[in-house]
Amino acid sequence: MQGSARRRPFPAAAPGSPPPAGTLFPGRHGVVKGEDTFKTSPFHLDLWFYFTLQNWVLDFGRPIAMIILPLEWFPLNKPSAGDYFHMAYNVITPFLLLKLIERSPKTLPRSMIYVSIITFVMGASIHLVGDSVNHRLIFSGYQHHLSVRENPIIKNLKPETLIDSFELLYYYDEYLGHSMWYIPFFLILFIYFTGCFTPVAEESRMPVAALLLMGPSSLYYWYLVTEGQIFILYIFTFFAMMALVMHQKRKGLVLDSNGLFLFYSFIITLLLIAGWVAWLWNDKILRKKYPGVIYIPEPWAFYTLHMNNLHAAKESL
């Protein structure tokens with residue numbers, strides 16, 4: 001036909017040979033490039049730095065800000081400074097997790113990612129309410145190293161059904177909120193970890209910036225596991241990472257810089273947890289608080305038991 005040119009078809013590929021670079025494949029969630037299969041991703045210095053910074057400031061720092069700042073600024077019947085830190089954490093962390101998933105060289109299951117993010121936000125929001133009340137109770141004499149019913153300010157409440165209400169609050173804070181918060185968080189990290197493999201051995205090394213961030217990152221994960229009482233979830237995630245590394249190694253694949261950063265951070269976290277448990281192994285009061293085979297005391301329980309008493313002794317001098 002005049003005015004149009006006949007398009008030349010691509011030459012047929014030999015059976016078993018890889019498709020040409022840039023070939024598009026239809027997928028469940030859109031079109032995927034064939035060249036993305038083993039595309040290597042550089043170390044995400046910006047994202048890992050933002051993760052570490054906001055974890056330390058907005059998560060670890062929120063109860064500290066609540067205690068340090070004057071009580072007159074944030075009355076007990078209003079949200080504390082730590083609550084506003086928690087609100088910021090609930091918005092920033094899901095955004096960073098989504099950006100991390102976007103940078104994965106591997107196409108990951110979007111539906112699972114979206115459901116995990118939604119559950120994460122729900123769990124962190126539930127925890128925000130419960131944790132806010134529990135930490136405000138410190139100013140009234142609540143002691144975290146004791147159970148709800150053993151606390152002096154709780155066991156004398158009348159009627160006794162109020163104690164059940166505080167136990168329900170503790171359940172939402174320490175069990176339901178933590179589960180809905182941390183399970184999706186570690187699931188997303190593991191899903192991202194599955195795409196951190198490369199066939200190029202030279203790319204399996206970390207830059208200096210990654211080594212510098214590894215210490216603060218591992219220390220935060222230690223705090224997350226001990227304070228959140230999620231050792232079983234953490235150790236199963238770590239074992240799954242180890243199994244995946246061994247499986248991919250048989251295929252000739254090694255971890256890239258981002259995978260190494262995450263994997264080594266988890267290893268250092270395990271060593272920190274072991275040291276923490278060994279240090280407090282013979283603490284009889286904390287042993288009573290955390291009975292059973294897995295004995296991992298919470299840092300805030302240690303604070304209210306030992307450090308808070310130390311501060312009170314100094315003030316009495």
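Please read every residue number as a count from 1 along the shown chain.
The backbone N, Cα and C atoms fix where each Cβ goes, glycine too.
According to TrEMBL:
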- 1-23: region 'Disordered' (REGION)
- 47-69: transmembrane segment (TRANSMEM)
- 84-101: transmembrane segment (TRANSMEM)
- 113-130: transmembrane segment (TRANSMEM)
- 181-201: transmembrane segment (TRANSMEM)
- 230-247: transmembrane segment (TRANSMEM)
- 259-281: transmembrane segment (TRANSMEM)
| task | Report, as numbers and ranges, every residue of the chain located at least six residues beyond the transmembrane segment (113-130) whose Cβ falls under 8 Å of a Cβ in that stretch; write 'none' if there are none. | result | 83, 86-87, 89-90, 93-94, 97-98, 101, 169-170, 172-174, 176-185, 187-188, 191
| request: Report, as numbers and ranges, which residues of the same chain sit near the transmembrane segment (181-201): CB under 8 Å and 6 or more residues beyond its ends. | output: 38, 40-41, 93, 97, 100-101, 104-106, 108-109, 112-113, 115-117, 119-120, 123-124, 126-127, 224, 228, 230, 233-234, 237, 240-241, 244, 248, 252-256, 258-259, 262-263
| note | Here the stretch out of 47-69, 230-247, 259-281 with the most C-beta pairs under 8 Å to the transmembrane segment (84-101) is 47-69
| remark: Long-range CB partners for the transmembrane segment (230-247) (under 8 A, at least six residues beyond its ends), listed in sequence order, are 178, 182-183, 186, 189-190, 193-194, 221, 224, 255, 262-263, 266-267, 269-270, 273, 294, 296
